[in-house]
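Enquirer: So Swiss-Prot says this about it:
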REGION    1-23  region 'Disordered'
SITE      101  site 'May play a role in metal incorporation in vivo'
BINDING   102, 104, 108, 146  Ni(2+) binding site
BINDING   102, 104, 108, 146  Fe(2+) binding site
SITE      107  site 'May play a role in transmitting local conformational changes'
SITE      110  site 'Important to generate the dianion'
């Protein structure tokens with residue numbers, strides 16, 4: 001189940017965090033709270049059961065209709081799919097890279113086809129932790145400071161939309177704030 005936790009940016013540390021300002025697993029509350037901060041959050045049906053050996057082209061073909069709908073306005077001409085499993089050879093290196101606070105010059109749009117991941121958005125004096133699960137689509141606007149945790153045993157597949165043909169390009173902030181917040185097990 002999707003979940004939102006809003007914390008003060010001055011969280012003490014990951015093992016004894018400050019009390020959250022808000023916690024909810026109500027989809028309407030999650031959508032409304034994120035919308036107040038310029039973040040789009042939607043539920044799309046992940047209607048295709050993918051084979052465990054599905055490759056990127058299979059995933060993109062399975063969701064061709066949804067991809068075409070998003071790309072129709074021309075904002076996101078580039079799309080790919082990422083699938084990380086507990087046996088992925090680069091899972092730990094990828095986790096560490098995504099855990100560092102960063103921004104993008106373009107929106108970060110992710111549709112979770114399978115599994116889950118934790119987006120942490122550093123907006124003003126707050127950190128919003130958004131647990132995204134299958135069927136969730138999140139659009140993090142360009143320039144938003146954030147990090148992503150896939151957990152120590154990741155199991156997710158997401159379709160990623162880009163307005164940049166080069167795909168995922170991050171500008172790391174150098175802020176160690178992510179170390180003060182809980183991560184996925």
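The backbone N, Cα and C atoms fix where each Cβ goes, glycine too.
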Enquirer: What other residues of the same chain, not counting 102, 104, 108, 146, have a CB atom within 8 A of the CB centroid of the Ni(2+) site?
Expert: 103, 140, 144, 145, 147, 148, 170
Enquirer: Among all the protein chains here, how many other CB atoms are within 10 A of the CB of residue 110 (site 'Important to generate the dianion')?
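Expert: If we count other Cβ atoms within 10 Å of residue 110 (site 'Important to generate the dianion'), we arrive at 20.
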Enquirer: If you count Cβ atoms within 10 Å of the Cβ of residue 102 (Ni(2+) binding site), leaving out that atom itself, what do you get?
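Expert: The answer is 22 other Cβ atoms.
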Enquirer: So if I draw a 10 Å sphere around the Cβ of residue 108 (Ni(2+) binding site), how many other Cβ atoms end up inside it?
Expert: 21
Enquirer: C-alpha of residue 101 (site 'May play a role in metal incorporation in vivo') to C-alpha of residue 146 (Ni(2+) binding site): distance in Å?
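Expert: The Cα atom of residue 101 (site 'May play a role in metal incorporation in vivo') is 5 Å away from the Cα atom of residue 146 (Ni(2+) binding site).
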Enquirer: Under a criterion of Cβ-Cβ distance under 8 Å and sequence separation of at least 6, what residues of the same chain contact residue 104 (Ni(2+) binding site)?
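Expert: When sequence neighbours closer than 6 are ignored, residue 104 (Ni(2+) binding site) has 140, 142, 143, 144, 168, 169, 170, 171 within Cβ distance under 8 Å.
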Enquirer: Between residue 110 (site 'Important to generate the dianion') and residue 102 (Ni(2+) binding site), what C-alpha distance do you get in Å?
Expert: 16
Enquirer: I want to check the contact list for residue 146 (Ni(2+) binding site): same chain, sequence separation of six or more, C-beta distance under 8 angstroms. What comes out?
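Expert: For residue 146 (Ni(2+) binding site), the qualifying residues are 101, 102, 103, 108, 119, 120, 121, 122, 140.
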Enquirer: Compile a sequence-ordered list of residues in the same chain as residue 107 (site 'May play a role in transmitting local conformational changes'), six or more apart from it, whose Cβ lies below 8 A from its Cβ; state 'none' when nothing qualifies.
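Expert: Counting only residues 6 or more apart in sequence, the Cβ neighbours of residue 107 (site 'May play a role in transmitting local conformational changes') under 8 Å are 75, 76, 139, 140, 141, 142, 161, 163.
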